[in-house]
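These features come from TrEMBL:
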type	residues	note
ACT_SITE	HIS118	active site, proton acceptor
BINDING	GLU57, ASP58, ILE120, ASN171, ASP172, ASN227, ASP272, ASN273	Ca(2+) binding site
CARBOHYD	ASN273	N-linked glycosylation site
CARBOHYD	ASN327	N-linked glycosylation site
Amino acid sequence: KGFRLTFIKESGSLEEKIGTIPKDTDTDKVNKALPNKSQNSNMTFIYFLNLTEAGSEDIDILPNGLAFFSVGLKCPGLHSFAPDKPGGILMMDLKEENPRALELRISRGFNLASFNPHGISTFIDSDNTVYLFVVNHPEFKNTVEIFKFEEEENSLLHLKTIKHELLPSVNDIIAVGPAHFYATNDHYFSDPFLKYLETYLNLHWTNVVYYSPNEVKVVAEGFDSANGINISPDKKYIYVADILAHEIHVLEKHPNMNLTQLKVLKLDTLVDNLSIDPSSGDILVGCHPNGQKLFIYDPNNPPSSEVLRIQNILSEKPTVTTVYANNGSVLQGSSVASVYDRKLLIGTLYHRALYCQL
């Protein structure tokens, strides 16, 4: 019942396991080989057994090494290996020598049958209370769920469900208070046909919304499809991934929570979720080198995976390096990468997750 996980270790270098990515016809990217990372000689894959390979669309890691996984996302038109199983939240302690992931129990009264988690974010209050914010799509609708994490019981206490007209198509979220957050809308409309039309007409109507109990407002707009969102370690800047435009936007956060765009970093891949390396402030990006394959799924030609590291994004010439690349033979559809103490977790839209040492 629910999720069970096991770990399988494989030896050999990442280069031997991964090789190169063939030319990407839909983005016209050239072949990309994995950099020589000889220290990454052992990899541990996370298999979601009872949900087959249910994906881990987003990952967030607390400063103490507890990692949260959002698993089991279902979206119209998106492939799923377990279409009839509800989603869930898993946790793994990266301080353990051989970490294992556990499904977190959710308090009574919350509708588990329709739980369809997407982007997640944690917030630690001044009294050390840990809150978990989850973008949820019950019956393909849009809500934000706020939970209190109860570590001793390995459980989540559901506190609140948020619905709002300014949150019609929520993708990702970054918590900035116990009931305060920024969220991205990846479409302006919530109706599936209008979403398709919006994308087809390239309207650039998607946005970032700030939510608090006292105020809800659009704080940035004009994105092709706003996706992943995160905040700089000094809390001064918000980073937003525009997946269809292949861009990361840097926005300055003001005391009134409004945002002003500072710069745009253009990349040659579809950028999904953004994570921050706490030791350096670098941005880790889960990417889709061939996005078309995500929606037209062919097991003989699966979607590739790619993780980028962006250093010094505020500088005139940020450094962009490839941390991981695979042609889909090992990992399909990477959506997020998070790091803690040189331990890297890579999640996917609907495939398995990868755990390795950097």
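Yeah, the Cβs are placed from backbone N, Cα and C, and that goes for glycine too.
Sequence features annotated in TrEMBL and their locations in the structure.
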residue : record                       : Cβ within 10 Å
GLU57   : Ca(2+) binding site          : 30
ASP58   : Ca(2+) binding site          : 29
HIS118  : active site, proton acceptor : 23
ILE120  : Ca(2+) binding site          : 26
ASN171  : Ca(2+) binding site          : 26
ASP172  : Ca(2+) binding site          : 28
ASN227  : Ca(2+) binding site          : 27
ASP272  : Ca(2+) binding site          : 29
ASN273  : Ca(2+) binding site          : 30
ASN327  : N-linked glycosylation site  : 23
Cα-proximity to the residue listed as 'active site, proton acceptor', 10 Å cut-off, over recorded positions ASN227, ASP272, ASN327: none
Rounded Cα-Cα span from ASN327 (N-linked glycosylation site) to ASN171 (Ca(2+) binding site), Å: 25
Cα distance (Å, whole number) from ILE120 (Ca(2+) binding site) to ASN327 (N-linked glycosylation site): 27
Non-site residues, in chain order, whose CB comes within 8 A of the mean position of the CB atoms of GLU57, ASP58, ILE120, ASN171, ASP172, ASN227, ASP272, ASN273 at Ca(2+): SER70, HIS118, GLY119, VAL135, GLY228, SER335, VAL336
